[in-house]
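What follows is a short report on a single structure.
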Amino acid sequence: MSGAALGLEIVFVFFLALFLLHRYGDFKKQHRLVIIATLLAWYLCFLIVFILPLDVSTTIYNRCRLAVNSSPAESNGSYVTLAPSRQKCFKPWSYIPNGIMPIFWRVVYWTSQFLTWILLPFMQSYARSGGFSITGKIKTALIENAIYYGTYLLIFGAFLIYVAVNPNFNLQWNQLQTIGIAAANTWGLFLLVLLLGYGLVEIPRSHWNGAKRGYLLMKTYFKAAKLMTEKADAEENLEDIMEEVRKVSESIKYNHPLRKCVDTILKKCPTEYQERMGRNMDDYEDFDERQNSYPSEKSLVKLHKQVIYSVQRHRRTQVQWQILLEQAFYLEDVAKNETSATRRFVHTFHSQEPENKIIQYFYTPTVEWYWECLLRPWFYRVLAVVLATFSVIVVWSECTFFSTKPVLSLFAVFIQLAEKTYNYIYIEMACFLTIFFLSICVYSTVFRIRVFNYYYLASHHQTDAYSLLFSGMLFCRLTPPLCLNFLGLTHMDATISHKNTQPTAYTSIMGSMRVLSFIADGFYIYYPMLVVILCIATYFSLGTRCLNLLGFQQFMGDSEMTSDLIDEGKELIRREKRKRQRQEEGENRRREWKERYGNRDDSTRNRVVHTDQKESSFSETNSNRPLSKYTRSNGRTERDRIELLQDAEPLDFNADSINDDPLESEPGR
């Protein structure tokens, strides 16, 4: 089993990262380099989280082996004997041979740092650029990142000057490397505590509120009202951009030097707009540079960038609106089925996507009713209590992990108790659950936050390339300080435990933080205590209230604005529900009409065809008569009327389809 656990986790984490990226990204439409870079960033960060417990168990075994093989008289002071009475150490099932983990951590860490500080920022600017050539996009990316790279070089230079001026330090390459790692971890720890304080409270509270059907339904109505506003704004913005594209397309003709750029812009437009612009364009007109003023290439680059952004936003709001409708309809169905006497879950609308037959066989309407109406609320409540307990333990440990005598951090107590009995499975499970919960609190916040339309991770393949790359940058910057914070909570970091024991392979890669004592003994220890204040602020929704005061509508039960948006969203959902019901009723009537009169229509058409043949032969025999043309014309009119009556289907009245303005029926005119 030596190294097998490491190989299995490497494969498992890769498919986990691939699954999440497929949920948020679009493999078909987005650039391959964007997908590969984001996948690599997510994969490396998840890999660190999953492999670190194996590093802890391997380190504990190595400490035991060194303690057994060396007596107190033979000890040279490098290591402390942990269990001198024990004569044998049991090798863990997931033991990783010496020399593998340092190389592994070195490759993973420096690759992630290269991605987050150099490659991903450059690819962000490249993906957001509106250039028409690779050279133009690279030039734009370099210009945008000049200030970005210069800022971080300035910070690194400040650390370098501090160490160089201090006479107690002899500047070497290892110390220079440690300064760079300390600067990156300091920035990451600053952001980590902010995200962790929000996630420790919001995750248990969201699961507790998930058991309240009325709360979820009201919040869905609130989201519907906000999303409709955003959807209307996206449609209006797209119309304005398409109007500019139309003007540019009509002004720049087929033989203009910039026509290739216009064609590139047109390919990014929706299909209906492309067809409309194609009908209105006359490619046979030559351009006259002396009479007309044409847009410059720089303005076309800006327009190209606006088209990409507006089309992506419009598509995202359309998809999110359909998903929100399905969610609202389902929550309304749950509210109706809670009082059902038959205890069978009845849906208002049938699923538009084909369901798996295996799921249909086991997840019957009866099972669905018991799960949705009885078991699921209680399951969410129990899960919320468990998560809240973990959050309290994390907050307590963050405030007391610097205390070694006595040991107050609960995670350190658990690990030390398991270390005495060398129960490696328990050690790995305790380490995995701890770091996994911390990662969920931090990473889920990254997935939830939204910075206007600048950064937004939208599921169902609706996340743009810029947001995907930005999330990869955040993960690569947050994961190393997260792991160091975990090692501090468990006292596996010698900087915290103040013991001269063998460090973990991950800590050895980070280097000794004693080079910068004010960071190692000050910032790394006392700054995480700020999580208590952030948890209190999150519990009382202070950030939500501040955003609401600034004009950003947030869901608050005691707000009049929230009540108005809930009523508006409820009316929107009711309108969409009536519209879908009319569509389904119309489809059912047409289906019944075809099933009932399908055979009769076929026989009637055969009789009409036979009558047509007789009339045509009668017209040919009387072709010399002066009134034959009127007879033929009247016969054709009569036949057309008969065929229209036979092919007629019942009409479905739809109020939304009525158009008061007859000119709007021809948008292309």
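Glycine is no exception: its Cβ is also placed from the backbone N, Cα and C atoms.
As given in TrEMBL:
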- 224-251: coiled coil (COILED)
- 582-617: compositional bias 'Basic and acidic residues' (COMPBIAS)
- 618-634: compositional bias 'Polar residues' (COMPBIAS)
- 635-644: compositional bias 'Basic and acidic residues' (COMPBIAS)
- 658-669: compositional bias 'Acidic residues' (COMPBIAS)
- 576-669: region 'Disordered' (REGION)
- 6-21: transmembrane segment (TRANSMEM)
- 33-52: transmembrane segment (TRANSMEM)
- 103-126: transmembrane segment (TRANSMEM)
- 146-165: transmembrane segment (TRANSMEM)
- 177-201: transmembrane segment (TRANSMEM)
- 378-396: transmembrane segment (TRANSMEM)
- 425-446: transmembrane segment (TRANSMEM)
- 466-489: transmembrane segment (TRANSMEM)
- 523-542: transmembrane segment (TRANSMEM)
Contact yes or no, the transmembrane segment (177-201) and the transmembrane segment (523-542), 3+ Cβ pairs under 8 Å, gap 6+: yes
Touch test for the transmembrane segment (425-446) and the transmembrane segment (33-52), at least 3 Cβ pairs under 8 Å: yes
Among 33-52, 466-489, 523-542, stretch most in contact with the transmembrane segment (378-396) (C-beta, under 8 angstroms): 523-542
For the coiled coil (224-251), mean pLDDT (0 to 100): 92
